[in-house]
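Everything below concerns the one structure shown next.
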DNA sequence: CATGGGACCTGCCAGC
DNA sequence: TGCTGGCAGGTCCCAT
Ligand SMILES: [Zn+2]
């Protein structure tokens with residue numbers, strides 16, 4: 001589910017409230033969301049640590065801990081990272097089913113992870129995990145230039161849609177925003193990446209950044225599972241132009257949106273607008 | 001090396 | 001109404 005705009009929305013919502021807080025207590029409700037190390041060791045390592053930062057790289061989040069350690073988090077398809085005040089009433093209990101991993105903070109708030117499909121979860125790492133992730137550039141970074149984007153495309157025969165999904169080429173796009181960026185740029189998803197002209201590469205650079213920025217401003221795209229850290233839905237789903245709109249009239253030319261399988265994933269595009 | 005398919009899981013929804 | 005199959009925002013692993 002969550003792509004760059006969703007993960008960054010969560011980061012922005014959480015960074016202020018949880019920075020400086022100490023993790024008082026941990027409850028692992030479903031051990032499948034604790035990826036490493038084992039549950040007992042995870043609790044031992046993380047309990048009592050203070051959160052001093054929350055960073056994002058691609059679709060990953062990292063909670064930096066003091067005096068040492070990091071929590072690497074990936075939401076995969078259905079993960080939610082949420083934050084709420086706990087009831088102060090004596091004997092009040094955390095509602096069952098609230099989350100699969102609960103981190104009780106020292107200010108009376110709960111930081112918790114819920115993942116319907118259990119694909120995502122937490123890794124404890126001694127060292128900063130980001131340098132080892134082998135991810136491509138951040139598309140919204142100031143030093144991600146059109147020239148750098150062109151260098152990524154040159155000579156690549158992979159289909160452009162696959163390349164947009166390749167986190168080692170550029171980090172943070174997923175199935176929704178890859179389709180939306182290609183639609184806005186007027187480029188068919190099955191074109192070989194290296195076959196794009198300079199003008200097409202430039203259009204894709206601009207449309208990729210534009211759609212990510214607009215989605216971020218809207219708090220992300222909520223279809224099923226994604227929520228902001230305070231539980232609210234994102235709003236960008238109403239602004240999607242092709243994703244999930246098979247058979248609907250293209251907002252630009254009126255031709256029905258087509259869907260095809262690209263690998264094992266559905267790709268949406270307009271046969272009238274994209275060439 | 002690049003590409004494709006399956007695995008990992010659960011829930012939802014369309015269609016019968 | 002109730003069941004069934006297909007499908008879902010991601011990534012990893014293995015076979016070809
Ligand atoms: Zn069109």
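Placed from the backbone N, Cα and C atoms, the Cβ positions cover glycine too.
Automatic, uncurated: that is what TrEMBL annotation is.
A coil conformation is recorded for residue A:2 (active site, schiff-base intermediate with DNA) in the three-state DSSP classification, outside any helix or strand. For A:2, the entry in TrEMBL reads active site, schiff-base intermediate with DNA.
All chains included, 23 other C-beta atoms sit within 10 angstroms of the C-beta of residue A:3 (active site, proton donor). According to TrEMBL, the feature active site, proton donor maps to A:3 (among others).
Classification of residue A:59 (active site, proton donor) by DSSP places it in coil, neither helical nor stranded. Listed in sequence order, the residues of the same chain lying 6 or more apart from residue A:59 (active site, proton donor) and placing their CB within less than 8 Å of its CB are A:2, A:3, A:4, A:7, A:74, A:75, A:167, A:171, A:172, A:174. The active site, proton donor annotation in TrEMBL covers A:59 (among others).
Under the heading active site, proton donor, TrEMBL lists A:265 (among others). Residue A:265 (active site, proton donor) carries a strand DSSP state (E or B).
Among the features that TrEMBL reports, DNA binding site is placed at A:117, A:156. Sequence-distant neighbours of residue A:117 (DNA binding site) (same chain, 6+ residues apart, CB-CB distance under 8 A): A:76, A:77, A:78.
The domain 'Formamidopyrimidine-DNA glycosylase catalytic' annotation in TrEMBL covers A:2-120.
Sequence annotations record features per position, and here TrEMBL assigns domain 'FPG-type' to A:241-275. In the predicted structure, the domain 'FPG-type' (A:241-275) carries a mean pLDDT of 94.
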Long-range same-chain neighbours of residue A:156 (DNA binding site), Cβ under 8 Å, sequence gap at least 6?
A:163, A:169, A:192, A:193, A:194
Long-range neighbours of the domain 'FPG-type' (A:241-275), counting only residues six or more past its ends (CB under 8 A)
159, 161-162, 165, 175-176, 179-180, 182-184, 186-190, 223
Ranked by the number of other Cβ atoms within 10 Å of their own Cβ, which of the active-site residues A:2, A:265 ranks first?
A:2
